[in-house]
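Engineer: Please see the structure below; I have some questions.
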Amino acid sequence: MQLKHLRTLLSPQDGAAKVTCMAWSQNNAKFAVCTVDRVVLLYDEHGERRDKFSTKPADMKYGRKSYMVKGMAFSPDSTKIAIGQTDNIIYVYKIGEDWGDKKVICNKFIQTSAVTCLQWPAEYVIVFGLAEGKVRLANTKTNKSSTIYGTESYVVALTTNCSGKGILSGHADGTIVRYFFDDEGSGESQGKLVNHPCPPYALAWATNSIVAAGCDRRIVAYGKEGHVLQTFDYSRDPQEREFTTAAASPGGQSVVLGSYDRLRVFNWSPRRSIWEEAKPKEIANLYTVTALAWKRDGSRLCAGTLCGGVEQFDCCLRRSIYKNKFELTYVGPSQVIVKNLSSGTRVVLKSHYGYEVEEVKILGKERYLVAHTSDTLLLGDLNTNRLSEIAWQGSGGNEKYFFENENVCMIFNAGELTLVEYGSNDSLGSVRTEFMNPHLISVRINERCQRGMEDNKKLAYLVDIKTIAIVDLIGGYNIGTISHESRVDWLELNETGHKLLFRDRKLRLHLYDIESCSKTMILNFCSYVQWVPGSDVLVAQNRNSLCVWYNIEAPERVTMSSIRGDVVGLERGGGKTEVMVTEGVTTVAYTLDEGLIEFGTAIDDGNYTRATAFLETLEMTPETEAMWKTLSKLALEARQLHTAERCFSALGHVAKARFLHETNEIADQVSREYGGEGTDFYQVRARLAMLEKNYKLAEMIFLEQNAVEEAMDMYQELHRWEECIAVAEAKGHPALEKLRRDYYQWLMDTQQEERAGELQESQGDGLAAISLYLKAGLPAKAARLVLTREELLANTELVEHITTALIKGELYERAGDLFEKIRNPQRALECYCKGNAFMKAVELARLAFPVEVVRLEEAWGDHLVQQKQLDAAINHYIEARCSIKAIEAALGARQWKKAIYILDLQDRNTASKYYPRVAQHYASLQEYEIAEELYTKGDRTKDAIDMYTQAGRWEQAHKLAMKCMRPEDVSVLYITQAQEMEKQGKYREAERLYVTVEEPDLAITMFKKHKLYDDMIRLVGKHHPDLLSDTHLHLGKELEAEGRLQEAEYHYLEAQEWKATVNMYRSSGLWEEAYRVAKAHGGANAHKHVAYLWAKSLGGEAAVRLLNKLGLLEATIDHAADNCSFEFAFELSRLAFKHKAPEIHLKYAMYLEDEGKFEEAEAEFIRAGKPKEAVLMFVHNQDWEAAQRVAEAHDPDSVAEVLVGQARGALEEKDFQKAEGLLLRAQRPGLALNYYKEAGLWSDALRICKDYVPGQLEALQEEYEREATKKGGRGVEGLVEQARQWEQAGEYSRAVDCYLKVRDSGSSGLMEKCWMKAAELSIKFLPPQRSLEVVRVVGPQLIGIGKHSAAAELYLNLDLVKEAIDAFIEGEEWNKAKRVAKELDPRYEDYVDQHYKEFLKNQGKVDSLVGVDVVAALDLYVEQGQWDKCIETATKQNYKILHKYVALYATHLIREGGYAQALALYVQHGAPANPQNFNIYKRIFTDMVSSPGTNNAEAYHSWADLRDVLFNLCENLVKSSEANSAAHEEFEMMLLISHYYATRSAAQSIKQLETVAARLSVSLLRHTQLLPADKAFYEAGTAAKEVGWENMAFIFLNRFLDLTDAIEEGTLDALDHSDFQDTDIPFEVPLPAKQHVPEAQREEVRDWVLTVSMDQRLEQVLPRDERGVYEASLVAASTGVRALPCLITGYPILRNKIEFKRPGKAANKDNWNKFLMAIKTSHSPVCQDVLKFISQWCGGLPSTSFSFQ
């Protein structure tokens, strides 16, 4: 360590002004200096002077300079300073935590001599030395001081060890004494340790030794037991003077001694175990060092001098900067200061064992410290300043550190996991595991304290991939092991360590309860899971569902909600918990129920104060009330009475709250007076017992304390007089008689005649008691009393009076007893019979009326049957000789033997129908013989056979069956038995059974199933010889598949399928077997093909050798070529048969030609010496160029043939010129001539003949003339030519006739030209009549070939306007037609328009038709189903047209089930008051109210649309002739209903309006004539159930179930209306045609209703209001007065009415204000829309500051 001067804190003076003492505070923030003036100066850690205060003398009369301060020390909490003074006193000053706080003396300790030195090592403990030689202890808590030990020598120095647990004092005689408060297990001795040569004014206690020095200028280091380790002798150094003071570093690794102008520094070397002197710090004019103080973190040393100066030095071995963020200052070998450069915070890292710190790392997001020493590992949390040091043997730096848990560091090394809790110097534990993944390890360290559990530390980790172990880290033992069937990929304990969650590779989530060791799968697909921080609430994701378990103790109760993305995290703060979900690019927060989370957690932890604080932040709702009740119960159980009082106050239980308040006052007073727990006081315990209605316990508590009066007062206050009197009797209380009188008087005053009668009876006054009993309506008690007293029986009037009362009260048995007692048997018997007291009646009848006994026995039996006592009834029926009833009773009572006994006594007809019932019982007991006998007696032998069949007793069944069954039934029986035999492996027996019943196919199937093929073939051959071959083939395939080839061969060959056998062996590579089979069974060439395939598989010379061996080489070459395996054929020919190559080339060429590979084929043809074949190939494919190239190169004789072929192709393409040239090149003009003739091209034929074959010219001309004559001389060209000749000759009429005769279907242009020419000639040169005829002929012909314009032009030339227009129309040239009509004959304009409309209609060109005829266009749109275009077009027309088509479209949509789109139409276009539209509006309303999924907040806009349309309709009706009609009233009612639905949807979007929504659902029940009744009652019932109105919910849901049954039955006749008497809920409603609620929800309701009715905790009555009628009824049944319904809830307005401008419209003020408040707090747009509508509907809102903006 080196000292570096930093600054001068206090400048020295010119003379002696000694700094007497100095001290650093424990928290390193304050430094105190006491000057010679007895003033304490206070500095901050940076050396700035911040404060000062003066010390005071023990007694002011001696003056301020009467003492010196000799010792000073800070308290461990750094808020106090102890000052030791020479005037025999120690003062303790409280200086506070902040600068400038007032300095107050809080302790003072007066001593018998001067204080010479002082230390404050521990809380409340100040150690100081006195001039008289004593070392004493001052306790600041008790303000007393005591002597630790005493010597006879002045105490010159006092110091402590590093931990402050030991003290060392130096005395003037050189003695050094050691004392331990706690030796920390070191075993070091106490007492006098060493005798130093001089007074050890400089005394320091380092880690490994004690350093002492004094005026002899020697420094001596002593060992732990006082032996000298080292001596540093400076006595011969003239520069050195005496050593005045010494200080050890806080780490104990360095010592500094002060002398004159010099500070000497010694450092301990751990490796050499000796002190090494560093270079001394010499400062001129420093003078004598009088005081030294070392900062607690070891980074600063301050020295005070004789002249009053204070110098500050920096102490450092070395410094380094870590990642430019932290400064590491090594102030000693075992101590490092880590400073955060950005925040300035510092942490002191120190080895408590003095080991040298080797390296410091800052890991885990720069929060955690890790440092190694030779034998330990240092860990720390920079944020919380929690540091740990554990024993750690060097492992080569291979450790892996995980800092995911804020409380624990996880260290993984060589397969071992070690856990270290920050702030603890022992490892929590270590386990073996190979899985070091933070997701596979979970540690919980006191994360959530629970009541009664102080320490809770648990670890869960993977032992292997499928095994989880759970360890209690406190006890170090295993508390659970979970073996799972698949790999675990995530696990985590809850914060209390009671539950473990884990997920496996199949994404299944499991919950393990550590206490019960039970494992539950709670989710079958889990992509995200996390515990909610600070609770046991669990959040997980299952595909598109968010799952929340608010109560993990009930894992089956999960709250699920739909989400559209992936959960990415949880955020908890600000009083809410949110689940963050990414939906696309956005993150959406889903809020959890904070009440369930916070309250549940507080209750689980037993933190009732936290639970109370949370509940006080909530509004009082049914849920909150339930929480208060739970808390009140738990608080009482835990005796937290103030919490319980608060709970009952919140619940409005005033009496209980007041009672607890008084109890708390008693407990608090007792606690104040006597201390301890006030709840243990007897009055408190008794009052708590009273609160729990345990009055006996309260009495016991009072009597234990002899508080008899208090016990009696308690009972009297509770009006429990009997108990009060019993206490008085037990304790002999003097007021006993008075109590009894008061009790009787009280009973009479409170009309408790029964109790008064009992009191009189107990006191012996019978008449008075009877009188009181009768007065109380208790004649039975009176009768009992009379029967016990003979003297009272004698009083006939009294007895008559009593019997009359008994009969009136239907107490017939007691009346009978009385009549029998007074000897009136007739009346007694009547009473017994009426009271069903048959035993007494029969006994009386036997004595008095024997004839009646039989009748009474039967009646007795009937009564017992009604009471379900069938067993008892049997004997009575036998006595009454009622056999049938006796049998029925015996059967009902399951008295089978009695039943058989009775049956055996009856005739056969009577007994036969009962025997089977008894037989069934014995069959169920497997007593088959008895059952058979009974079935037989009852003529039910078939049932006996069925019994034996079901029991597997086939022999008995068969024996019976043969007696009574048909053959087909026996067959079924046998087959069943055979199947049973087959299951048992008895195949032969099964076969015999199958064959016996002529079912051999079943036997065949059985043998096949069990692979007994020989038996199978045997049966097929015997029973199905025609299928034998197919069976062999099928078996062969199966055996081949199983690899049983020899057996397969047998079956294939038996099936004559040798090819299948060959293929089987081939595919298995057994070629010899294949060849053998082919040769033996395959005919002449089969073995050759197999040989070819075998050889091909071998290839090369091996193939040649094989084929030579088989003698099939040449044949195989041919076979290969024939099978297109040319490569193999060439290979074989090359190796053995070269002369076969041309033949193979030719076959190959032909193959290539077939494949279309002509160039390759050409080469092969040439190689085969067949060029002619190549030429023919190309000619065939008309590749003339290639054909000519090959012919010229290899076969010149074929050139002419190629040219002729090419010419033929040209002729086929009508290219006569090219064909002519080719034929002439081939020197074949004759062929050209023939081709022209065949084509009818006589002119070309004549030309060719003339040029190349002139000798044939004459004959050709003759032939041509013959042809012309055959065709009538009128070929097209001939006609045209003839026409031209007539025209040139001036014969225009004949020319016209010729032109008109031209018909050439191939040339419309020629025909047009000719016909136009004819018309032109006729107009120019022929008479008008003739020209008109020609034009009338030409016009239609031109139109026929599509030349409409030309025809029209012709017609116009002759003024044929209509014909011209018709031509344009037919040519669809409408503009020209219109122009002609307009310009030449306007009469035809309408004619053109009409045709144009028809054209557009026929063509479907509606867009064009719109401009001509809108209505026709709209109708066409409707026909085509183009509704959108129809409505869009109609919108541009008048209102009437628009709504005609809107109605048509709406009707269409409704038929298609699209009521929502129909509604949207009327939202867009308005709802006119047309009567013909009324059914549409009603249908939309009906469909909307019947549709599912509309009872939620999301349906608001649909309901609002319906409401707005009906409002618009009603407004229009008011202005129409339909105003105030029945239809108008009906639509007004529909408007009100739709307003209720819309308001309900709006209210469902806000939590605080849930009761409003429920009330609206209830109000809608009065409109069930217009709504589906089952849906309305279901919605009302579920809404009532959700808000806790269980009575209403039960009645409505019960009604709903009745309605669903009525729908099933198709009638409402069975409905019970008693629950709805005196309400406005209608009885007569339309029966819904179908169920509107799904089956699953109906069953859920059925279960709930059944559960509630079984509990019998609800009263089946609708709630009533102040009118005494059902609270939601508008009509008061008693008065008939009808209240207005509230616009917000639909409930009747009885008071606090807010009226609107529109008559009949009002709201309840409370509901209205609640609705407004909800809008203001939530800013809900839908609720604002409701208000906006109410404003429109009701003519404005009441005066309010609410705004829609």
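Just so it is clear, glycine is given a Cβ too, placed from its N, Cα and C backbone atoms.
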Engineer: Which candidate in R300, R672, R1664 appears in Swiss-Prot with the annotation omega-N-methylarginine?
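Structural biologist: Going through R300, R672, R1664 one by one, Swiss-Prot annotates R672 as omega-N-methylarginine.
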Engineer: Does the repeat 'TPR 1' (593-624) reach the repeat 'WD 9' (521-559) with at least 3 CB pairs under 8 A, where each pair is 6 or more residues apart?
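Structural biologist: Yes, the repeat 'TPR 1' (593-624) and the repeat 'WD 9' (521-559) are in contact.
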Engineer: How big is the Cα-to-Cα gap, in Å, between M1 (N-acetylmethionine) and R672 (omega-N-methylarginine)?
Structural biologist: 60
Engineer: K4 (SUMO1 cross-link) to R672 (omega-N-methylarginine): how many Å between their Cα atoms?
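Structural biologist: Distance between the two Cα atoms comes out at 61 Å.
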Engineer: Quick one: what's DSSP say for K4 (SUMO1 cross-link), helix, strand or coil?
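Structural biologist: Going by the DSSP assignment, K4 (SUMO1 cross-link) falls within a strand, counted as strand.
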Engineer: Determine which residues of the chain contact the repeat 'WD 8' (483-520) at the Cβ level, with the cut-off under 8 Å and only residues 6 or more beyond its ends counted.
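Structural biologist: Hits for the repeat 'WD 8' (483-520): 439-444, 447-448, 450, 453, 456-458, 460, 462, 465-468, 470, 526-527, 529-531, 533-536, 538, 540, 552, 555, 604-605.
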Engineer: At a 10 A cut-off on CB-CB distances, which of the recorded positions M1, K4, R672 has the highest count?
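Structural biologist: Highest number of other Cβ atoms within 10 Å: M1.
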Engineer: Would you mind listing the long-range same-chain contacts of the repeat 'WD 9' (521-559), meaning Cβ under 8 Å and 6+ residues beyond its ends?
Structural biologist: 448, 490, 492, 494-496, 499, 501, 503, 507-511, 566-570, 572, 577, 579, 581, 590, 592-593, 596-598, 600-601, 604
Engineer: Over the span of the repeat 'TPR 1' (593-624), how high is the average pLDDT in this prediction?
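Structural biologist: Within the repeat 'TPR 1' (593-624), the model's average pLDDT equals 78.
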Engineer: Give me the DSSP three-state residue breakdown of the repeat 'WD 4' (150-191), ordered helix, strand, coil.
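Structural biologist: For the repeat 'WD 4' (150-191), the helix, strand and coil counts are 0 helix, 20 strand, 22 coil.
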Engineer: Please classify the secondary structure at R672 (omega-N-methylarginine) using three-state DSSP.
Structural biologist: helix
